[in-house]
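Just below is one structure, and these are the notes that go with it.
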């Protein structure tokens, strides 16, 4: 009957079609297809009210039958947009997937079912995308801009499931209706950029910015797109570190301006930096009032017994966070730290025969008021080429990590219990690696991972819960993140904390800023020790209470613990990266092969021409670097610069810029070639006489590849992204081609370390040091040390921060400050740098010296008192004790930790008597003590029986497995 009705409908016999469909409904009132066809027939008979009722009934009966929804929205959207929006929202609510935990759904996932986040087959993704986009368009027409933005944001997510072309059509339709629709213009720009249409994307970004100059996504997207093709007109710049970085700015006419001459920032870059700084300031208020009662007391009661120090009052600490900036961020980090502590406690309960395992280990829950926070518009990956301070770069990673953490902790698939710990190594550690691009990952160039790995699984289509369950079943001890903040990352897996130790390696050249990343594998060139967070302990719950990473104004970058490789963390193995036939080739044969290849690539090039090259993506080139390269070409008339069309639109921009800045003759010596396949890329690098690396964002994989065939000139900059090439060169190339300025690369060419003076600083040294700091900024201590010549980078840094920094307060410490120091020591122990930050302009040396002096004076006074008391008659001694009674609460100090009790009226300055078997406070000598053979117990777990090939900074004071 359904077919008969459709035949009548196709012949435009609507009355007959209606009769056939009505018979079906009379037999089965829930027949959705017949109801929908009836509605369409009634519409053709101009009975629109009846058609509306039938379509609405079909939507209610089966929301997944999107044809009914499409017809109904088409009927209502012009005059009754609000109702049409509500109908789409109803369908979204009805179809939204809550979880995909059962086997059937997991199997269907791989086939496309549910890939849109809705209970729909993959073939229907385009239809739900069109409905969501229509919802956004109608909301925009209703002037509900924020709700429209949310709808378009969901449409952006839907385009990532393979409906990019359809998404572009939707955005183009919205833009055609309103050419000033900034949200649609920006989304259209993002979509066409993903299709490789970068010039079209720039045009749409410009229209969005013209429509709404304060629209952050459009402004930041425009800068990123323009930089990717080296279109620098109007780029401007900022003054960073006194003009040391981003030195040369470009105005609207394309002319260069010296930042040191102008002394101020301007242009598109300045607008983006200002937007980011404001977003980071606003993020301090996220989660405000999250610790209102009863949340704080409930959280304290749940976690108090997890604190290592029984006397630590977690409830009081949480009260100190309430209604203060960064309240929400600190709560999330506390929950994540507690999860790690609970996981370790479960491990000990389960595998230590002296302890008893519990039935459940509940996972701490987020307060209900905490929503998923917004992340800054500039992504962590784009900070490599955006002139931002170290503090801002760190904060951007932290905010992205916080968004991932909250989203994961709110995920419906996350169990209420922490994941069970793996069994102890038997006999090996189980290490898991997660990457979205093993086939093209830097590691994969050197190892045939899929063939050689003991276990290799393709989990690209697995939902998070299935992947985590596999990790737990495999008993993984250490989980390695090979993506970080790059495309295809699965950071939600790490945020769920399925393993005891989690670390980052290779994929992302920077800090993840996350509680779910414990370690980074690197070297001292890629991550100089000066970029580490000053306070290093991050083991216990008490540590996170004292940690003020979010609010710190210091210019450090890494809160993670760093595993320092001795030379370089880059995998550089020519035996695996070259063809086997090359290994027995003589140098004379190699020179002949290079000459033949040079003639094949550049047949018209003279024999005496020097080929300088750079094979990075063009987004890594910025005006200051390109200016330097043009100056080299101008001074070396027989040199050419070989670049890649990476992407192609960048060639025209760089040629035009070179002509404007250096003239036609120099511009004519730019050579561009297409991007070559991997094998050909490495082979033709032999033709390059010298590889010029980009200093602000080094070559990483490219440098490691080129280093085997050509010398590389790299410079270590301010962050890990700007010192990758220098780090690779410091070991792989013998050091002569690396100007790393630190670590292995700084002295490998010379063969000996410079000699540095010790002892007091002279007045002349202080003056020169301050002049160098004024020129280079108070961060680049390697450069400053090299220019000074007599002191190491550490000596220079400490001299400045302890003695010469203008903001230091050199006056004697007051009694009020002394009381504050005593209280801080009681709470956090002898963490002098952290205590100094809480005082007004005091250096940590000044605080430490004052404390040690106070303890020494008290010790001398107590000794004299004891001598005098020994000579007193009994009555005099009793009178002395009555006048100066002992403190009610005794203090105990062991292993540089804080006293566990203190008088409420005044700070306690502990005096410690140490011997081979005791570590006791003077005021507590009358009470028995149990010590561990006179030494504090330390728990160490080594990764290997033999000495590892890396130098390890432990996780706080314990390496916990």
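FYI, residue positions are counted from 1 along the chain as it appears here.
Every residue gets a Cβ built from N, Cα and C, even glycine.
Computed from a predicted structure; not experimentally measured.
If you check TrEMBL, you get these features:
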- 735-748: compositional bias 'Gly residues' (COMPBIAS)
- 886-906: compositional bias 'Polar residues' (COMPBIAS)
- 753-804: domain 'Myb-like' (DOMAIN)
- 753-808: domain 'HTH myb-type' (DOMAIN)
- 805-855: domain 'Myb-like' (DOMAIN)
- 809-859: domain 'HTH myb-type' (DOMAIN)
- 735-760: region 'Disordered' (REGION)
- 886-908: region 'Disordered' (REGION)
- 182-215: repeat 'TPR' (REPEAT)
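Tertiary neighbourhood of the repeat 'TPR' (182-215): same-chain residues 136-137, 140, 145, 148-149, 152, 155-156, 159, 164, 167-168, 171-172, 174-175, 221-222, 225-226, 228-229, 231, 647, 649, selected by CB-CB distance under 8 Å and a gap of 6+ residues from either end. Under DSSP, residues within the domain 'Myb-like' (805-855) fall into helix, strand and coil as 32 helix, 0 strand, 19 coil. The residues of the domain 'Myb-like' (753-804), classed with DSSP into helix (H, G, I), strand (E, B) and coil, number 34 helix, 0 strand, 18 coil. If you average pLDDT over the domain 'Myb-like' (753-804) in this model, you get 83. DSSP labels the residues of the repeat 'TPR' (182-215) in these numbers: 27 helix, 0 strand, 7 coil.
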